[in-house]
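Reviewing the structure listed below.
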């Protein structure tokens, strides 16, 4: 087997701690069940020998049968406890991984998540988590039984019949060697399967997103054919894993069957020649299958273990980061912000900001303008903690933003994008956004009224309880922006970050949103990415960004006049 990467090995160790007492209980119960298998075989052999060859009456062996029944019940209880505890351990691990993955995705933010293809992320957060659970639910008890039962059986059989023990001992390394060979091929195939699953997810998502364009181009059937080809490829990769897994099981079965047959022949001839008593012979014959049963189980479950470890290898890079911590932040007043010679270089080497410096006073409204790709969105991403400076500092009231707890900081700000996101749930749920366990109905109503959304919401059959479709599919552009504005008003943080909130709106919807924003800005620090003249004119100061740094700044009148002069000059030159 290939060695696990350091992040994957560290993740596996942390998950063992998470599984905790349930994993230990499952391990102990599996070991007890293995020892009881030896006791069961011994009691059965004695009982049959006394009945058949000792001609004992049934009442005479009733205590022995009662003991056998008790051992059988204990063995069944151990098996039940193993399954139950292993299931709980697997459930704890899955819940922990899911929570940790969501926290990590939230901490990364949309900018850094862009490095992960959407299909890969979906596969990681669904199939990978499901694949990890069998490592505790199935593999862990199986590996314990494989460690305990063969050793116990071999020790007892060596004491009772050294020849049979020798046959078992010869078969054991052959079985292990063949299993390792099959396992190496299965691990490679499993890695290829997971890569294929990520490709399939991304391919399907791309085809669904591009379906409207394909419809217009008349090539929708090509999308179906492309998905079919990708699905068939994934099916072949899955069958390759199963083929190797079945080969591993076949090898185990062949070696085990041959060894059991050898033990049976050795025992049979010595019984025939009178060199062994029946109780010992039956005891050894009963234990021979028990010797190989855990090893057969290991062979059958090996592919699940390989899939789990491959899934951990793919999860580890996403989760390989310490949890974000920092000083608590309580926003009592609008913050003052300073960007001190900030440089941001993305993972692909692209420079987003280069020597960016800017001071924003507490309660000031600053509009950022500039060409596409100048770095305006990166400035907002820095304040949202979606990216971190490669060099330089961002200061909040004189304190480094990097030393403030990200969760506490994000609770103190309100962000409103050009295209706000909505989720399945009611209108009230989408406005409140989980900021309180019990929504404040009065504050919700006030926010809807301030955003000029109350009249429209009241006309709906269920009012604020009306469901919103996924991604706000049942909302118009104006309705979506009004709800986004109501969400911002309800949050009421001291720092507002806007990315041209009036984009894609008609004149009337723009007027309503601008009025709501004007009320919302009072007593708060505001940073707006602006494209429209109306949005620029509403700011206290306008900052022009070009090539990742401040190119000019001034009042809206100064900047707009300068832009007009440049436009006139360009027309004159033309």
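Using the three backbone atoms N, Cα and C, a Cβ is placed for every residue, glycine included.
Sequence annotations record features per position, and here TrEMBL assigns transmembrane segment to 21-46 (among others). Proximity of distant same-chain residues to the transmembrane segment (21-46), defined by a Cβ-Cβ separation under 8 Å and at least 6 residues beyond the stretch ends, is recorded for 64, 67-68, 71-72, 74-75, 78-79, 81-82, 85-86, 88-89, 92, 136, 140-142, 144-145, 148-149, 152-153, 156, 279-280, 282-283, 286-287, 290, 294.
The annotation domain 'ABC transmembrane type-1' is assigned in TrEMBL to 25-299.
The transmembrane segment annotation in TrEMBL covers 52-74 (among others). Residues 32, 36, 39-40, 43-44, 46, 278 of the same chain sit 6 or more residues outside the transmembrane segment (52-74) yet have a Cβ under 8 Å from a Cβ within it.
Taken from TrEMBL, the feature transmembrane segment covers 142-159 (among others). Residues 26-27, 30-31, 33-35, 37-38, 42, 165, 168-169, 172, 284, 287-288, 290-295, 297-298, 301 of the same chain, all 6+ positions outside the transmembrane segment (142-159), place their C-beta atoms under 8 angstroms from a C-beta of that stretch.
Look at TrEMBL and you will find 165-183 (among others) tagged as transmembrane segment.
If you look up TrEMBL, you'll see 244-272 (among others) marked as transmembrane segment.
Per TrEMBL, transmembrane segment is recorded for 278-295 (among others). Residues 34, 37-38, 41-42, 44-46, 48-49, 52-53, 142, 145-146, 148-150, 153-154, 156-157, 160-161, 164, 168, 171, 175, 179, 252, 256, 259-260, 263-264, 267-268, 270-271 of the same chain sit 6 or more residues outside the transmembrane segment (278-295) yet have a Cβ under 8 Å from a Cβ within it.
The domain 'ABC transporter' annotation in TrEMBL covers 337-572.
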Overall pLDDT for the domain 'ABC transporter' (337-572), taken as the rounded mean: 82
